[in-house]
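Per TrEMBL, region 'Disordered' is recorded for 1-99, 111-152. Taken from TrEMBL, the feature compositional bias 'Polar residues' covers 30-40. The compositional bias 'Basic and acidic residues' annotation in TrEMBL covers 42-74. The compositional bias 'Low complexity' annotation in TrEMBL covers 80-97. The compositional bias 'Acidic residues' annotation in TrEMBL covers 124-134. According to TrEMBL, the feature transmembrane segment maps to 230-250, 256-275, 282-302, 369-388, 472-489, 509-525, 546-567, 587-611, 623-645, 651-673.
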Amino acid sequence: MESKDMMSSDTTPERGAASSDIKSTEDTELSSTQLDSMSPNRKGDLIEETRSPSSRPPDKPAALDDAGHVRKPDSISLFGSSSGYSGSPGPADYGGSMMKSPTTSFEIIKQSKSSFNNEKIDPDGGDCYEETPESQEQALHPNEDNLLAENERWPTDDELRSMRRVGDKLPIAAIFIVLTEFCERFSYYGVTGPFQNYIQNPYRPGAKGVHQQPGAIGGGQQKATALSNFFMFWCYLTPILGAIIADQFLGKFKTIFYFSLVYIIGFSILTLTSIPASIRAGGALPGLVIAMIIIGLGTGGIKSNVSPMVAQQYTRNRPFVRRLKNGKEVLVDRDVTVQSIFNWFYWAINVGSLSAIATTELEHNVDFWAAYLLPTLMFIVCIFIFLAGKRYYVKAPPNGSILLKAFKAIQMAIKQYRIARKQNRLLLDENGKKVGFLEYAKPSNMLESGEMLEKASWDDTFINQLQRTLKACKVFVCYPVYWLCYGQMSNNLVSQAAQMNTGGIPNDIIFNVDAIMLIILIPLFDRVIYPGFRKIGMELKPIMRITLGFIFAAAAMAYAAIVQHLIYKTPPGYEYASRDGPNNITVAIQVPTYIMIAISEIFASITGLEYAYTKAPDQMKSIVMALFLVTNCGGSILGFAFTSLAKDPHLVQMFAIIAGIMGVFLVLFWLVFNKYDKNEHQENQI
């Protein structure tokens, strides 16, 4: 991800900087140089904030609430408020004033960002606790100078512009979370790896070899593909529920733990209903459906919280110069570090996904119950690893769901817009053009006072940030088509492998080539390719990377169509290989499909996670992450539309159509969004 332009140590720190001193905006003076370094929208907001008188009594510190207590640290979480302050107060909180001062809003956000990075951890491993007066003062006025080692210093303005940027080492808390994600993905992929055979093929005890694939339900390829798409849809919809529970009630740590227990129940049901006696009694299908629902709930509670949690463990926000052992100096940058964290996080996911190699072998050589028992046991290990890192985690209490707050603001904007249109009082900007509909949700633009204004639990700054966030989310519009391509690995490509000569290798083991390639390529990209481009001044910016990912995804589907065409031209089954095959063609020709999908993931999937975390204002990161995950649901819905083609002899058309759709969307994506790369530095300052 493109690095941000950061100010030097003697200027006002950028967003989230732990060294920010919390001052009244009446005492804040901004130089023209500082203003020029900001984005136009942020500049305008800050000028307005510094001109507005503070509504807080002058003798009350910005970080204290009306009762004199320190406000809770912020939490960068999926769907959650990122400040300890969950919303703008009601009229009584401001001495009867109906409007929240922009100054107050700005100071609260500044304070919450700073205090987050100095959040204290309960030494007994519990949730966040109330700090002592001394630590409260430190949280009010944190000083990152204390974090500098002997071989570190703050950069000059010239060094910020010209020095090579590198990532910092991973915090130990992030390492525990990465290991937890490895174990969770080991269990998830270990269970889902045999799904296609489990659903598609009939029960054949002891089935081995290329002519008899193991099975349990005997539903055929269409039914297997449909259930697979349902499961993927459900697994990417439930993060919304898991995140709201975390942000409103439990916090991320407790939510991950409790949903892990739900996860175990789902694994247990699947294992018990896959034993031979249950399969013969007809319990396999209902057991599978119930297990899918429960496992989907479990993974949703984890997925919605673990990804933002791992990134927030790195709490150094300002770039600094570090002198290496060879005497050279480099600029350690937060954005490069976060990019590296997400790369290794994704790397751990793919190492974990190799569990499907073990479970598919167990499926073929023992039975399905053994294949599902292994992930169940591994998930118990996952829980213990997660708890082992408890004392190191940066945690914050639940602060309310920012997603629900944003939804209410959008509802209010629509209602206000309808009133304005009915009264012929549409808002115009300085150029006489109609403003965006979210402008109508700003308290300063409310067309009716009283009850409607009291319902607005936000201020103008919140709406400005929501507008910027939704703008950033526009780049996700093509991701459902990308996930449609990606999803073929877990269903139709598994069935395609069964139509070929696998040489005795399980057909559902081949897709692990994708994970193996990612394990090899992610460190290569992180340590060699991306730094190499940065070193020569040619950085692959986010939109370019995403576009490259889409290109490789389209190419993978086009190649899959070619492979399917070759299968249909080969005896003995020809166009009905699923019935009369496998055909006399080696499964090795399918491998390039998985290699191209792996490369597409590095460019598109990893960059999407990174983009979601770094692009939005701090308290809006949750909304961006939510929409990014929901695009997976869109991909599964698109998958349902292709279910009728998921059978012989229509599979060539299916893969070709998917490739064509991806090709069209990647061209449109580049034409519309390539300009975003040009404003990358400016967008990162928001």
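Every residue number used here counts from 1 along the chain in the order it is shown.
Here the Cβ of each residue, glycine as well, is placed from N, Cα and C on the backbone.
In summary, the transmembrane segment (509-525) does not lie against the transmembrane segment (230-250): fewer than three C-beta pairs, each 6 or more positions apart in sequence, are under 8 Å. Listed stretches 256-275, 282-302, 369-388, 623-645, 651-673 were compared with the transmembrane segment (472-489); the greatest number of C-beta pairs under 8 angstroms is found for 623-645. Same-chain neighbours of the transmembrane segment (282-302): 184, 188, 191, 198-199, 203, 216-217, 219, 227, 230-231, 234-242, 245-246, 255-256, 258-260, 262-267, 269-270, 272-274, counting only residues six or more beyond its ends whose CB sits under 8 Å from a CB of the stretch. Using a cut-off of 8 Å between Cβ atoms, the transmembrane segment (623-645) and the transmembrane segment (230-250) share at least three residue pairs, counting only pairs 6 or more apart in sequence.
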